[in-house]
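Feature list (source: Swiss-Prot):
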ACT_SITE  Glu187  active site, proton acceptor
BINDING   Asp49, Asp88, Glu120  Mg(2+) binding site
BINDING   Asp49, Ser50, Asp88, Lys118  3-methyl-2-oxobutanoate binding site
Amino acid sequence: MSKQTQTTRKTVKDIAAAKGATPLVMLTAYDAPTAAILDPHCDILLVGDSLGMVVHGLPSTVGVTMEMMILHGQAVMRGASQAMVVVDMPFGSYETNADQAFLNAVRIMKETGCQAIKIESGAYAAGQIAHLVERGIPVMGHIGLRPQAINVDGGFRAKGRTEDERDRVIAEARAAADAGAFCIVIEGVAEDLAAAITAEVSCPTIGIGASAACDGQVLVTQDMLGLFDWTPKFVRRYADLREVVDKAAAEYAADVRARRFPGTAETYSLRKQGS
């Protein structure tokens with residue numbers, strides 16, 4: 001009988017235990033090499049539908065498909081062995097009813113091997129969350145600014161700035177938590193609202209543009225690394241890889257055109273007979 005060894009990954013219980021403790025670290029990952037680099041530093045790797053904009057150049061996340069999420073989820077699972085891997089359910093894959101949500105969530109988990117899925121959880125999605133959790137699928141909620149809803153909201157803008165919006169965001173948080181979400185992403189809200197939600201719900205909250213009042217933080221990795229020429233207000237750049245890549249590409253192009261590359265060190269030579 002053969003032995004199988006398995007690296008211990010972060011679990012739902014590990015994430016739940018972080019409530020009010022050391023903040024959770026989450027970053028996005030869309031490919032195996034990046035996942036391997038981020039894996040030792042993160043509690044959670046999110047295969048976000050942001051990949052539509054970040055990797056595929058789409059104008060929003062609305063055009064992202066199940067096939068895209070599964071392909072990138074598989075790649076991240078090959079690169080990561082310690083962090084929990086969560087895959088976004090794309091727009092149109094869960095809204096119709098709980099059965100649709102279950103079938104698509106099962107497909108994502110079976111075909112990628114991920115540990116959980118994420119749903120942009122307006123209050124209407126509470127039924128879907130409960131349905132999935134009852135059937136063994138861990139769900140991360142997502143409230144506040146919901147990128148999949150930009151066509152209703154009129155673009156990417158912060159939420160909870162009016163009393164009505166504030167009440168709606170709090171209701172979304174309560175609904176997701178009561179339905180069994182093991183964690184909730186709070187995006188694009190003011191600090192006092194993020195603090196109020198974090199204090200009210202029993203599950204951990206992870207903020208993106210929602211202040212340090214949350215139980216953890218997430219950023220799009222490419223934003224954090226400075227790969228784009230525009231930086232959102234809530235992002236802190238920890239590198240300027242756009243400049244690094246631009247400089248490297250320029251030097252490579254110059255060397256090729258001047259026939260400095262490849263040089264002797266990068267060129268194969270015929271072996272002498274007997275050597």
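Each Cβ is built from the backbone N, Cα and C atoms, and glycine gets one as well.
Here the structure is a predicted model, which means the values were calculated and not measured.
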Among the binding-site residues Asp88, Glu120, the one whose Cβ has the most other Cβ atoms within 10 Å is Asp88
Closest by Cα to Lys118 (3-methyl-2-oxobutanoate binding site), out of the recorded positions Asp49, Asp88, Glu187, is Asp88
Minimal Cβ count within 10 Å, across the recorded positions Asp49, Glu187, points to Glu187
Across Ser50, Lys118, listed as binding-site residues, the smallest other-CB tally within 10 A is for Ser50
Ser50 (3-methyl-2-oxobutanoate binding site) to Glu187 (active site, proton acceptor), Cα to Cα, whole Å, comes out at 13
Ser50 (3-methyl-2-oxobutanoate binding site) -> DSSP, reduced to three states, gives coil
Cα nearest Glu187 (active site, proton acceptor) among binding-site residues (Asp49, Asp88, Glu120) -> Glu120
Expressed in angstrom and rounded to a whole number, the 3-methyl-2-oxobutanoate site built from Asp49, Ser50, Asp88, Lys118 spans a maximum Cα-Cα distance of 12
